[in-house]
Amino acid sequence: MCATPVSPTPLPATAPLALRWRGTEPYEASFEAMRAFTDGRTAETPDEIWLVEHPPVFTLGQAGDPAHLLAADSGIPLVKVDRGGQITYHGPGQVVAYLLLDLRRRKLMVRELVTRIEQAVIDTLAAYNLAGERKAGAPGIYVAPGPAAGSHAGAKIAALGLKIRNGCSYHGVSLNVNMDLRPFLAINPCGYAGLETVDMATLGVTAGWNDVARTFAACLTANLDGSPAAVAQPQAGALTA
């Protein structure tokens, strides 16, 4: 947890973010790791962004309704977690960013954090000539009407869910890059029946996971603290093609 500092010199609010590339990792491993990271925090612990890609998995938020899983025999595991929100899907071709932040140190309210995360998604999409927009009361980012949207205006392209514990955040945001979208048909995405889910590839973007992940990381960092991330070099094989 975010404990009382041992030393009288905690990190300043402007301490740089550290970026961790975790590669392809089972969801449960990421979930356990971010909880452990948050539980072990002190006032001196630097904030981090983790970028990861998961094998197929459905996750259900702490107040989620299992009835939103429409096909229990899909063969895809369901993991109940402690974030906000309903049910969503993670799978190959999706960039997931986990945001491990000390909100008190950053003097951030939860609503402002959500707004900054959403803006980072919008900025990332704009880098590939796509337009994203918010919807009131429905966290996440949706495809805005326009030439690039085609028939997919209003479709959800990024999902967001957070947990705040002792003033620190974990969980985060997922951006659909180039996925098999069929598993989304087995759920009511984020609890909305009939909501279309789309990815960047469907909208004509040819960039791969690595390229989009780097752009997304830069946009998240810029929106969170306005400075470049302290980037940990990925290990061999840590980034997917």
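Even glycines carry a Cβ here, placed using N, Cα and C.
What Swiss-Prot records for 43-228 is domain 'BPL/LPL catalytic', and it gives sequence analysis as the kind of evidence.
The feature substrate binding site is assigned by Swiss-Prot to ARG83, GLY84, GLY85, GLN86, ILE87, THR88, TYR89, HIS90, ALA159, LEU160, GLY161, GLY172, VAL173, SER174, with sequence analysis given as support. Non-local contacts of ARG83 (substrate binding site) by the CB criterion (under 8 A, 6+ apart in sequence, same chain) comprise THR59, GLY61, GLN62, GLY161, LEU162, LYS163, HIS171. DSSP gives ARG83 (substrate binding site) a coil state; it is part of no helix or strand.
Secondary structure at LYS156 (site 'Lowers pKa of active site Cys'), as computed by DSSP, is strand. Within 10 Å of the Cβ of LYS156 (site 'Lowers pKa of active site Cys') there are 23 other Cβ atoms, across all protein chains. Annotation comment: Swiss-Prot describes LYS156 as site 'Lowers pKa of active site Cys', evidence class sequence analysis.
Per Swiss-Prot, active site, acyl-thioester intermediate is recorded for CYS190, and the stated evidence type is sequence analysis. Within 10 Å of the C-beta atom of CYS190 (active site, acyl-thioester intermediate) sit 21 other C-beta atoms, taking all shown protein chains into account.
Secondary structure at CYS190 (active site, acyl-thioester intermediate), taken from DSSP and collapsed to helix, strand or coil, is helix. Counting every protein chain shown, 21 other Cβ atoms lie within 10 Å of the Cβ of GLY85 (substrate binding site). For ILE87 (substrate binding site), the same-chain residues that are 6 or more apart in sequence and have a Cβ closer than 8 Å to its Cβ are PHE58, THR59, LEU60, GLY61, GLY64, ASP65, HIS68, LEU69, ILE187, ASN188, PRO189, CYS190, GLY191.
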